[in-house]
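Novice: Sharing the record's features from TrEMBL:
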- H264: active site, proton donor (ACT_SITE)
- H264, N265, F266, R267, H268, D305, D415, Q466: AMP binding site (BINDING)
- H268, H304, D305, D415: Zn(2+) 1 binding site (BINDING)
- D305: Zn(2+) 2 binding site (BINDING)
- 188-510: domain 'PDEase' (DOMAIN)
Amino acid sequence: MGNGSSFEQIKTIYLDINGKEEKIIFSRHSTPLEIHELIAQAAGVNKHSTISLRDKNGAHVAVSPTMPVNSAQNPYKVVTREPPPATDNDAFQAVLTHVAEQLNRVFQMEETRSHLNHRINMLEKKIEIEGLKAVEIEKCKSEISYIRDQLWNAQKKYVDFNRLRPIMTSGSCDHFFSSLSDERKIILKRDIPTYPKYTLSQETVDYLKQPTFDIWHWEPNEMLSLLEHMYHELGLVEEFNINPIVLKRWLLCVQENYRNNPFHNFRHCFCVTQMMYGMIHLCKLWERMTTEDLGILLTAAVCHDLDHPGYNNTYQINARTELAIRYNDISPLENHHCAVAFQILSNPETNIFAYVDKDTFKRIRAGITMLILATDMARHAEIMESFKEKLAAGFDDKNKEHLDTLKMVLIKCCDISNEVRPMEVSEPWVDCLLEEYFNQSDREKIEGLPVAPFMDRDKVTKPTAQIGFIKFVLIPMFETVARVFTQIDEVMVQPLKNAKDRYEEMKSIEEAQKEAKKALSQNH
């Protein structure tokens, strides 16, 4: 289920027109003018009348397809004002003005389209040329390195036949990942305001704190507004003295640096951050941690998969990509996510921590880095063992080492928490993850690299992919956290057990269908 299902197609809005309840239904593709005329029709007034909507608190609500959905109990109050009587001349002038605006818009669109097409063609040519240059440079580097080695070996009267092959081949993925350099300058491609300030209903504000929150019902701009709300609501804007405009710019830049992968994309970033926000409220973490700690947790969640290429660490290491070489095969992706996060923060226009002192920034940097590196599943057993040891010794909120381990476990929980959510929210994520896995295993087969069975489209199914993971990773981890926060048991552990039972039932049905099909084919 991708971004195509990210928002409901039809909206129902309830209205209070002079004490009489009315409702209007429209598509999210409707224009503000069409909605205005719909309200005018419901109110029984001229479509040229001035119409404004107000919520129960008296706040103005924009007449647009993105207006927050309300309920019959909380309708928007409709305030109308009739237009002054128009003369024939006024009507004629209005028609002329409307026609002129439409013509002007058409010509401007054609001109803009032509200009953009020209720019795109120029950029494509430039990218192609630069790409070829990069390949040639890499080939030259390889050849120089090879010749230098041969000269050295010749001087030693010895030839190392293991080195008699080019470092880069035409089928290599080094060039594919050459864009994953940590040294590039990251700048914001677009400036605010590019997304409107959404009026969040109290219902949405409360729902945002729940693990059951449906992350598929929000468009990218709305996700940005919800993330922005989290920073304000938790007091992080005040704590770090964040410029609200810089916060908007930072969130935009983060969004631009998540790729359109099937799974590791900006919606996954939002999903993990929302779960972290939910756990902060569910566990009342402010009673155990400082506001600075909460800011580190939330910011690490936002940045934890920045610029993820859609191919995991195993692929990076086996394919000997630039990142694997740079980080000596040690958590290459997580190290890269950290590097990109602090590249963004190094730009004054997107540095939300610009006004904290040096010591505070040092703690923030160390904390975010520690948490993002903890999301490498290769470290799962190590981190969980450390957490269990601290629980056995008696968990101490005042002990920094204990608190750091708890924070690492919390971000791990949030990163792989999809199955905690209701089935209709969690199951589409499994499809997205399997699609990304299959893309990788297909590439590994082509390149002759090892293929993990759980990523092979010929061997894995949805239930087999999830049962073991829920049973041996998720449930034990969340049960361990529930020893510190007992409220997690009902809200998170039980839904995980229900999900395991559901997938086991799905597996039984699939096996029964397979057996029936096999028996049928034998009879024929």
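Note that Cβ sites are derived from N, Cα and C of the backbone, with glycine treated the same way.
Just so you know, TrEMBL annotations never went through curation; they're auto-generated.
From a predicted model like this one, the values you see are computed outputs, not experimental measurements.
Thinking about packing and proximity, how do these listed features fit into the structure?
Specialist: Counting only residues at least six positions away in the same chain, the Cβ atoms of Y258, D305, H308, G310, E436 sit under 8 Å from the Cβ of H264 (active site, proton donor).
The number of other Cβ atoms within 10 Å of the Cβ belonging to D415 (AMP binding site), over all protein chains shown, comes to 21.
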Novice: Could you check which of the binding-site residues N265, F266, R267, D415, Q466 is the closest Cα neighbour of H304 (Zn(2+) 1 binding site)?
Specialist: D415
Novice: For a quick check of understanding: among the binding-site residues R267, H268, H304, which residue's Cβ has the most other Cβ atoms within 10 Å?
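Specialist: Its Cβ has the most other Cβ atoms within 10 Å: H304.
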Novice: To test your reading of the Zn(2+) 1 site: which residues beyond H268, H304, D305, D415, same chain only, put their Cβ within 8 Å of the Cβ centroid of those residues?
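Specialist: Residues close to the Zn(2+) 1 site, other than H268, H304, D305, D415: H264, C269, V272, A301, H308, T375.
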Novice: So how many other Cβ atoms are close to D305 (AMP binding site), meaning within 10 Å of its Cβ?
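Specialist: The Cβ of D305 (AMP binding site) has 25 Cβ neighbours within 10 Å.
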Novice: Please compare the binding-site residues N265, Q466 by how many other CB atoms fall within 10 Å of each one's CB, and tell me which has the fewest.
Specialist: N265
